[in-house]
Amino acid sequence: MAALTWRNTVYLKLQERNNSEREQYRTVIESHCKLYDITENLKKKTATLTDDINRLRQENLELQRNVIEGGGRSDKQLEQKLLKAHEELKDLYKKRGENAQALIDLKEELQIKEKDILSKDLRISELESRLNAVKLANEHLESDIAEKETTNTILKDELMGLQMAYTKAEEKIMKLDKENKTLIDRWMNLKKEAAEDLNKENEMFRKRKQEKLKKDIQDAISNPVEIKEGSIHAPSGLFAGALSRIPSRAIAKFDAHDSEVFGLKWAPSGKYFATVGGDKQVKTWEKIGSSIEKKALFTPCFNRSVTSVDFDEDEKCLIASSNDCSTQIWDLSTRQLRVRLTGHENKVHSSKFVSGHGINKVVSGSQDKTIRLWDVANKLCSRTFCPGSTCFDLVAYGENIISGHFDGKIRIWDSQAQDSMTNIPLENKTKLLTCSRDHCLKITDFRQNRVIITLHDDNFRISNDCSRAVFSPDEKYVLAGSNNGQIIIWNIAKQSVEYRSEKEHKGAIQACSWNPNGDGIISCDLKRGCILWGDF
Amino acid sequence: MAEDRGILREVWEGKVPVSFTLSAEEVSTYEHPESCYLLVPRHSYFPLFLDKLQKHFINYVNGDESDVWLENTNTNQPIKWHYPVGVLFDLLNSSHSLPWNLTVHFKNFPDSIFRWNNRDAIESHFMSCIKEADALKHLGKVISGMQIQHHKQLWAGLLSDKFEQFWAVNKKLMEGDGDESFKSIPFKIYQGDSRHIQKLFKPQNERGDSKTLRDMIQEVAPECFDENGELNQKIITHGIEMPLESDIIWLSEHLSYPDNFLHICLIPLE
């Protein structure tokens, strides 16, 4: 019940409150609002009406004004017209003045024109007189042309005659050509016959030799020889390393070739030597008594200068190379050409048998900047190295090839390996002698891979790129020829000149060779000469 | 349970007559405008009526219409319009003169009040109050369990002054959590123009007995009672003095404003 009491109290109070606060005012406020709205609307309407009145008044005013303006307009129009007429009049006066001026100007112009016409007439008459003169000249020239034409026809006739003569001359030439051909053919035939004759002669020579040999054998058989112990000389090859003796004088001078002597070489036995020269020939020589006798001439000859010569170790064959791009190998016993190796595209400067391979392997260096390795048995090039620089000289030992080049470099090649190599261990021969354009001789040690000794002398000047120097057989000395005709021998151990000869040669010394037995030096020069040096 | 519809409806329908007068200094025309009279629902907020005021006065001022603010004509204090209209009326119009006179300003917006010129801002303030109240009553479970459209319905009901629409949703907020009643009572006690008092207050004592309004005042604002236990303040909400014996849960369920808070004004005796 208590709860109801306060609830009811609250309820009653709320009702009372609503009555006093809300109900009393609701109607008043609502009516107020309504009245306010009505007032607002009325205000708006009044405003619009006022606007209308204003607008209408404005219009009325405008209309009145229009009426007033309409009265004064005609006078104004007339005035304007009058003004316009005045202006037009002014314009017309102005125009008249202008026209008068124009008339005067035109008159002046007319006078000028008339003057012009007069002068032009004068010129016309002048030109006419000139035209007449020209016409005269023209007639003159036409007659000239006619004259020229007649001469021209004469000249044409002459030309015809000359052409005919020319054709005849041509025919003659043809005939002569034919004759020439027949003559050449005949000449060729004759040449062939000559060659055949030469072959026959060779054959005859061989037969004769054989007969002589047979006869000798028979003689030998008929004269039995007693053989004493110790009388057999060891083969020459065993003399390698024999004591080298320094020569004291030139013991023989002779002309080996008809032009320069480019190369020479003692045979391994030391009994004879070979020379090659600018006369395309390869010859061997023998010392008989105190003179040098020609032993053999190897045919067929090269087509150009011969540059180098070499023997194989067993002295079976001789190899020579030439500027005609070829290399040839002869059999020493029969003196027959065994192989001709061609393939280089330029001069062959040097060719060597590769030691340790008998005569089957040959290496050659050329101006065409290649080094070629040849298989002699199959007559073909088995390998080509491309160092990129001209090769002047070669040393071939076992599988190793050492080459000297125009670019001042020494290159070492392994004929079995794929690429060029350095640092090749050489079992016995570890020193390389080089002779170069700086007039020095250099000895390179391959174990150290550097130059260990450099030799030079004031008198020593090399003659050209292909000049060659050599070791003595016992490798104590180095021998080289100078371009003043001296030969010079250095002692390697002392690194000084051991012997300097007189200037016996007439020209620059090209090459020299030390007898493998150690007791003879031979040198050649570019003026045909060869000299044998000795101390006996 | 908020079942006493009679009470709820009487509370909902409470309206106060307000007379809005344009500040005399700000009138820019020679003609002074008429005052604007409105019946403002107690549970509503003043910013929702700014449109009408602007429309009414805009032809008579030069100021920026977004700078509208209200002033209590008697005390010349700005109206803190984030409180419900009823609270402001009970607190500021203690003389209870009707209609309540307010002055409308379009210039010199004061710093002490929120600049609320769109309805979203008021809505979010309103919703945050509801959420705060629910957090106190149900630890926020009910309001967070509601769909967003129910949140919108609460605001829409308030805006359009529709009792049924509002209470259809608000009913759930006023129910206890199963057998348990509210965890604590969401209330705000106002005293003069100073800041309001807000404390945690459990509706039941240790023995499980329901507390009354007296218990709450004694606990929260004991200075309202003199030595003899007599009240020296009037305890007013919704414009009426509350019986001290009222059950506090019943009060919270029936006499809370739409933001679910009990707004209690302490007005000194004469």
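Positions of Cβ are set from backbone N, Cα and C atoms, glycine also.
Sequence annotations record features per position, and here TrEMBL assigns coiled coil to A:39-95 (among others). Taken together, the residues of the coiled coil (A:39-95) have an average pLDDT of 88.
What TrEMBL lists as coiled coil is A:124-215 (among others).
The domain 'Autophagy-related protein 16' annotation in TrEMBL covers A:12-199.
Across the repeat 'WD' (A:254-286), DSSP assigns 0 helix, 19 strand, 14 coil. What TrEMBL records for A:254-286 (among others) is repeat 'WD'.
Residues annotated as repeat 'WD' in TrEMBL: A:306-340 (among others). Here the repeat 'WD' (A:306-340) has Cβ contacts under 8 Å with residues 236-237, 262-265, 267-269, 274-278, 280-282, 284, 296, 298-300, 346-353, 355, 358-359, 362, 364, 366, 374, 376, 379, 393, 466 of the same chain, all six or more residues outside its ends.
Look at TrEMBL and you will find A:341-384 (among others) tagged as repeat 'WD'.
Summarising the annotation, TrEMBL assigns repeat 'WD' to A:398-423 (among others).
Same-chain residues lying 6+ beyond the ends of the repeat 'WD' (A:471-500) with a Cβ under 8 Å from its Cβ atoms: 239-244, 246-247, 431, 433, 435, 441, 443, 453, 455, 457, 459-463, 506-512, 514-518, 521, 523, 525, 533. TrEMBL lists A:471-500 (among others) with the feature repeat 'WD'.
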Helix-strand-coil residue split for the repeat 'WD' (A:341-384), DSSP-based: 0 helix, 25 strand, 19 coil
The repeat 'WD' (A:306-340), counted residue by residue under DSSP: helix, strand, coil: 0 helix, 22 strand, 13 coil
